[in-house]
């Protein structure tokens, strides 16, 4: 519901927003997932770019690509290092690799990183949202590492950071549903039309409870299909991300920085013009 305010109050709130925006010039995202989860594609889609990301060290200094060799490339995946796309430097990404091994050490590295960032007094240094990518193109949907993450998120205080589960390669579930519907006697055209919803219904009944029944389930989840296609979209991910951001400055920063959904920009621009703007810390 929209809450109207006076013009003077709106100007005061917008002034407050601009001051806070000066203190937080980047929206910081931690993306977690297996090596085949499609993380790079998601980051490119949210920034609407095909370029490769630049790598920054823990202090934010750019690491020249000329200094990176195959032998030290593994070190570039250090969670403390960040990824920035030259054409959209409003986003700063951290990529957690290795958690798929399921070892306690790898999980602790991620949890400690989240906790350390959450305690920062500088809003810009905090992790503002976590995207956990889980490919669903096999029978074993959730690994032990993924379940451990959602079952122990608060152990280091990381529960303060909103988490969105991203189920990638969902087109594989669509194909399974299509074949299942065919076996039930549906014609190809009808089976194809019903397959996406059928796939979601089956997934939400048989698999989603595995993480939503854990101690610290994600705040939202999205399904991504056919991400290899040029016209595929992450607009739903953008919408769910905006929803989980309680801090008004961060929400507006994310909406204005993402380049995957013009509709989302228009929606929040209209709401901002009609609603009073208040921040919480």
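Here, residue 1 is simply the first one shown, and the rest follow in order.
Glycine too: its Cβ is placed from the backbone N, Cα and C atoms.
Where the annotation comes from TrEMBL, it is an automatic prediction and has not been curated.
Now, the feature entries from TrEMBL:
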BINDING   33, 34, 35, 36, 37, 38, 39, 40  GTP binding site
BINDING   40  Mg(2+) binding site
> Which residue, of the binding-site residues 35, 37, has its CB surrounded by the fewest other CB atoms within 10 A?
Replying inline: 35
> Other than its own, how many Cβ atoms are within 10 Å of the Cβ belonging to residue 36 (GTP binding site)?
Replying inline: 13
>> Within a 10 Å radius of its Cβ, which of these binding-site residues (34, 39) has the fewest neighbouring Cβ atoms?
In response: 34
>> My understanding is the cutoff is Cβ-Cβ under 8 Å with a sequence separation of 6 or more in the same chain; which residues meet that for residue 40 (GTP binding site)?
In response: 53
> What three-state secondary structure does DSSP assign to residue 40 (GTP binding site)?
Replying inline: helix
> If you count Cβ atoms within 10 Å of each one, which of the binding-site residues 33, 38 comes out on top?
Replying inline: 33
> Neighbourhood of the GTP site (33, 34, 35, 36, 37, 38, 39, 40): other residues with Cβ within 8 Å of the Cβ centroid, in order?
Replying inline: 133, 135, 168
